[in-house]
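**Student:** My structure is below; once you've seen it, I'll send some questions.
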Amino acid sequence: MWVGQQLADGLDFWGFLGSLILGGIILGIYTGLLGYVGAKTGLSLDLLSQRAFGEKGSYLPSAMTSFTQIGWFGVGLAMFAIPVSKELLGGSTAAQWGLVILAGVCMTASAYFGIESLTIVSYIAVPSVAILGTIAMVMAVMRGDGTIIDQFAKSSGSLTIIGGAGLVIGSFVSGGTATPNFARFAKDGKAGAITTVVAFFIGNSLMFFFGAVSSIFVGGNDIFEVMVRLNLFYLAVLVLGLNIWTTNDNALYTAGLGLANIFHQRKKPMVLLSGIIGTVASVWLYYNFCGWLNILNCTLPPVGMILVLAYFMNKEDFETDQPKLKTIDWFAVAGVILGAIVANLLHWGIASINGMVVAAVCYCVGQAVNKRK
């Protein structure tokens, strides 16, 4: 929704739609391929990483995803607790921390019990957020001056469609990289790819519209603020809570899998540890960590690119339960490091795509060298 605000501030309505479509297509291809690989192999992100990066080389993508997802979990807790405590309990420090701890315990508990509980939460949360958020968005537009196109016309025009598409991709590419963790339960590769593409495109588009309308209506980036202005406070709490709950559960599940790979422990204790760290650091993360998380988000697309290339170039390693794993595939590791550097430092084009291109070149060079040996 933050990105939706930026798009509304910098683009007119047609530019906004163009950015959503272009960014959605690129993001759909990226996540769709990862969904296909996850469903086809039945392997999580970290098991795929072992085959692509080597047994110990997989610690790098596992650490990156775990660190990022724990960070977003903490940020999400504060995003719920701070505005709700302000409206409901006066916004005192004790009230904020009380809500942070309560929400942290509930979200960690549901993630602790695995994909089954995540599925139950999602079945309730996803349609509820979509329906209630859309109702609030329509009500906000109806109360505005003129049509939605007229309201978008107030933007500064400081963004291009390419720039907007870059924001669209960057905002969800972090979570998209973890797609195999969930797509691996699909019945086949085609189902995994289609489900992923549809879910990302529709869900992401709604979130961007919520953020854009929030910006136009109240000058913020939060559908919660819009619903409060519309005298829908309790529905606002429900929408905000369910939205963050589903996102945070997925984040903890992914973080737990990553830490389990690094420390060779069972997933559940690692989910619990991730939840405790994210909860304790929540308020600090909210105020201090978003900039670092945005940098980390540029480092994850090279991981996804290498996983996809590794699967299609070395299918035999992914079709056996006990592959011969390298200790470290240095070309894959170099691809992630160089891709991350380029994505963060090259101020041209779309950062995540720049990083993926560099990673792909490094990995393909490595494959060519290995074949010569």
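Along the chain as shown, residues are numbered 1 onward.
Note: Cβ is positioned from N, Cα and C throughout, glycine not excepted.
Just so you know, TrEMBL annotations are computer predictions that nobody has curated.
If you look up TrEMBL, you'll see 13-38, 59-82, 94-113, 120-141, 161-179, 191-218, 230-248, 269-287, 293-313, 325-343, 349-369 marked as transmembrane segment.
Surface or core, plus neighbours and distances: that's what I need for these features.
**Tutor:** Panel annotation: around the transmembrane segment (94-113), residues 73, 77-78, 80-82, 84-85, 88, 120-121, 241, 244-245, 248-249, 252-253, 256, 268, 271-272, 274-276, 278-279, 282-283 of the same chain, lying at least six beyond its termini, place a Cβ under 8 Å from a Cβ of the stretch.
Only residues 6 or more beyond the boundaries of the transmembrane segment (120-141), in the same chain, are considered here, and those with a CB under 8 A from a CB of the stretch are 110, 148, 151, 203, 206, 209-210, 213-214, 216-217, 223, 226-227, 229-230, 232, 235-236, 238-239, 242-243, 245-246, 249.
Panel annotation: around the transmembrane segment (161-179), residues 2-3, 6-7, 10-11, 15-16, 18-20, 22-24, 26-27, 30-31, 34-35, 38, 45, 65, 68-69, 72, 196, 200, 204, 208, 247, 250-251, 254, 293-294, 296-298, 300-301, 303-304, 349-353 of the same chain, lying at least six beyond its termini, place a Cβ under 8 Å from a Cβ of the stretch.
Outside the transmembrane segment (269-287) by six or more residues, the chain places 66, 69-71, 73-75, 77-79, 81-82, 96-97, 100-101, 104-105, 107-108, 111-112, 252-253, 255-260, 263 with a CB less than 8 A from a CB of the stretch.
Residues 30, 33-34, 37, 40-41, 45, 48-49, 51-53, 61, 64-65, 67-68, 71-72, 75, 170-171, 173-174, 176-177, 179-180, 332, 335-336, 339-340, 343-344, 351-353, 355-356, 358-360, 363-364, 367 of the same chain lie 6 or more positions beyond the ends of the transmembrane segment (293-313) yet place their CB under 8 Å from a CB of it.
Long-range contacts of the transmembrane segment (349-369) within the same chain, counting only residues at least 6 positions beyond its ends with a Cβ under 8 Å from a Cβ of the stretch, are 26, 30, 162, 165-166, 169-170, 173, 297-299, 301-306, 309-310, 313-314, 329-332, 334-336, 338-340, 342-343.
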**Student:** Under 8 Å, at least three CB pairs between the transmembrane segment (230-248) and the transmembrane segment (13-38) (pairs 6 or more apart)?
**Tutor:** no
**Student:** Taking the transmembrane segment (325-343) as the reference, which of 13-38, 59-82, 191-218 gives the largest number of Cβ pairs under 8 angstroms?
**Tutor:** 59-82
